Amino acid sequence: MTFHEEDLDQAEEVHVRSLTAAEADGDERAVEAALRPRTLDEVVGQVRVRDQLGLVLEAARRRGRAPDHVLLSGPPGLGKTTLAMIIASEMGAPLRLTSGPAITHAGDLAAILSGMNEGDVLFVDEIHRMSRPAEEMLYMAMEDFRVDVVIGKGPGATAIPLEIPPFTLVGATTRAGLLPGPLRDRFGFTAHLEFYEPDELDLIVQRSARLLDVHVLPDGTAEIASRSRGTPRIANRLLRRVRDFAQVRADGVVTLPVAQDALDLYEVDQLGLDRLDRGVLDVLCRRFGGGPVGISTLAVAVGEERETVEEVAEPFLVRNGFLARTPRGRVATPAAWEHLGLTAPPTLTLPESDPPLFED
């Protein structure tokens, strides 16, 4: 893949502006960063991924070379960005962060790559949303550590190779199936992050409570963990909201009743369903008789973007048996009807298997 020399300055400006905006994202992001594990040993859960990744990094250290490129996939909030930061930290390398939507032209990517030093780690979040020209340039950069710079225009144009020091690309995606095969095949290590178990989330909440200096009793952390949808990011967010409730409406100690009252106030029920989840199920059951309904129609009916329903609500609802994906659309399960206090149609049938959540 090639790009024109005159695109470089403009692309450099675009990248710097996007990167600065991402870093200055308010107090919420700063608190989340403070709660992130710093090493693989501090990571709770994801045992298989943690062990495999640790082996890859240790082998690279012993060889004195940059690790293979890494692709991390899975639902939002499970720790893909955290693992990218840990990879850089474990290798003692600088981390450069950007995102797929910010790389709209091949020149954007070339500007980033031209500033890389040997051993640097480049993290591209939402890598499946990169532009096609940038993807094609990335093929050569990942495999041969070079890109072609085009000098001039028309018949007299000349392509000059630009050498790039060996680096490690860490790509993160919630939709691995949208990545072209040639790009996916260039990652030496791929891992899919799974939802966390309640006991793992309990440990995460306990750790975060210590870092935030929140007094939480064991039954309080367990309650927060059980309503966190298997997602550490949500667990930490709920902990902060429960902390606020405890400080304002209680004596500052997060007990089981305090946690329950706080989470009920924020409309997170005992199974972890929030307003969006219940809205999806309610529309599906009441308006469409349980389905099947196409995802786009369902998103319009609940007043959300398709991506929000598909990537935030749907994985949790499918995993917990409230929603089924069929070739004809989404179908509410008997558990969904029961959770809403409704009676399921007597003819309700479900498919034996569903297509993968994140592969198409």
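Cβ coordinates are placed from backbone N, Cα and C, and glycine is handled just like the others.
Going through R186, R240, R241, R243 against Swiss-Prot, the one listed in the ATP site together with L35, R36, G77, K80, T81, T82, E143, D144, F145, Y196, R233 turns out to be R186. Within the same chain, the residues at least 6 positions away from R306 (DNA binding site) whose Cβ sits under 8 Å from its Cβ are I295, S296, A299, listed in sequence order. Highest local Cβ density among the binding-site residues R325, R330 belongs to R330, counted as other Cβ atoms within 10 Å over all protein chains shown. L35 (ATP binding site) falls within a helix when secondary structure is assigned with DSSP. One way to see the shell of the DNA site is to take the Cβ centroid of R306, R325, R330; the remaining same-chain residues with a Cβ within 8 Å of it are V293, G294, I295, L298, V309, E310, E314, L323, G329. For the region 'Large ATPase domain (RuvB-L)' (4-196), the model's average pLDDT works out to 80.
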